[in-house]
Amino acid sequence: MASEGRRPLVAGNWKMNGLRSSIATVEAIRDGLSPQLLADIDVLICPPATLVSACVEAVKGSPIAIGGQNLHARPNGAFTGSISAEMFADLGASYVIVGHSERRAYHYETDDGVHAKALGARRAGLRGIICVGETMEERQQGRALDIVRAQLAIGIPKGATAEDTVIAYEPVWAIGSGRTPTPKEIAEVHASLREMLDKMAGTEGAKIRILYGGSVKPGNARELMAVENVDGALVGGASLVAEDFLGICRAYAK
Ligand SMILES: O=C(CO)COP(=O)(O)O
């Protein structure tokens, strides 16, 4: 439940999925969102970098935002294959995901690297969605809170504001698995992250949104989004199907 002052954000992360034909999905999402709903929530789609430009075009005139999934920390240079925050901003993107657990696991991203990327996002005027989350082993060892708190403490840039930063709690074991933590487990982590943000950034920290991600579906969205301090969702698989993503957005319909 997003409390006063924090506007819910429902974000889709397409990961390495989508060809030009997938623009039809963005169009269906655009056309399926009612003005009443868009008055209450922010909606974001993060397609693969190859589709950012076409997606920006497809949502022109609507409040739907488009974002990147990863960035290089530097603005430009000899970094073959990399994309900078400035390049995403140049295409009309307004957000970028930073430190997703798949980047951490498969591309060896560290908390310090996440910090540098979050600074890069801010430099270019993008909102960075900084991802944190524990593995099942870490949870079973009772270390979930320590892990996510350390990831947040190192990853988040000093002076972060609600304008440039969003946090996403994504337990690694809940991603793509169909398993989710209980509402109580989610509430515990979000309360802990919220307390850190309040301490780090005071009244501004209280405005920074904390999303939940990991197997969010239309069938569980209402329950998950109702958890205290959950300010929205970061959706993987279900964001690839317009009706499913719309179903999750509609968890916020009054
Ligand atoms: O990783 C995720 C979003 O970034 C979550 O993925 P799923 O919704 O497919 O579990």
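Yeah, the Cβs are placed from backbone N, Cα and C, and that goes for glycine too.
Note that the structure is a prediction, hence the values are computed from the model and not measured.
S215 is the only one of S53, S62, S82, S215 that TrEMBL places in the substrate site (with N13, W14, K15, G176, G236, G237).
Taking W14, K15, G176, G237 as the candidate binding-site residues, the subset whose CB lies under 6 angstroms from any atom of ligand 1 consists of G176, G237. Cβ-based neighbour count (10 Å, all protein chains) for H100 (active site, electrophile) stands at 27. With a 10 A radius on its CB, N13 (substrate binding site) counts 26 other CB atoms from all the protein chains.
The Cβ of E170 (active site, proton acceptor) lies under 8 Å from the Cβ of H100, S101, C131, V132, G133, Y212, G213, G214, L234, each of these being in the same chain and 6 or more residues away along the sequence.
Among the binding-site residues G176, G236, G237, the residue whose Cβ has the fewest other Cβ atoms within 10 Å is G176.
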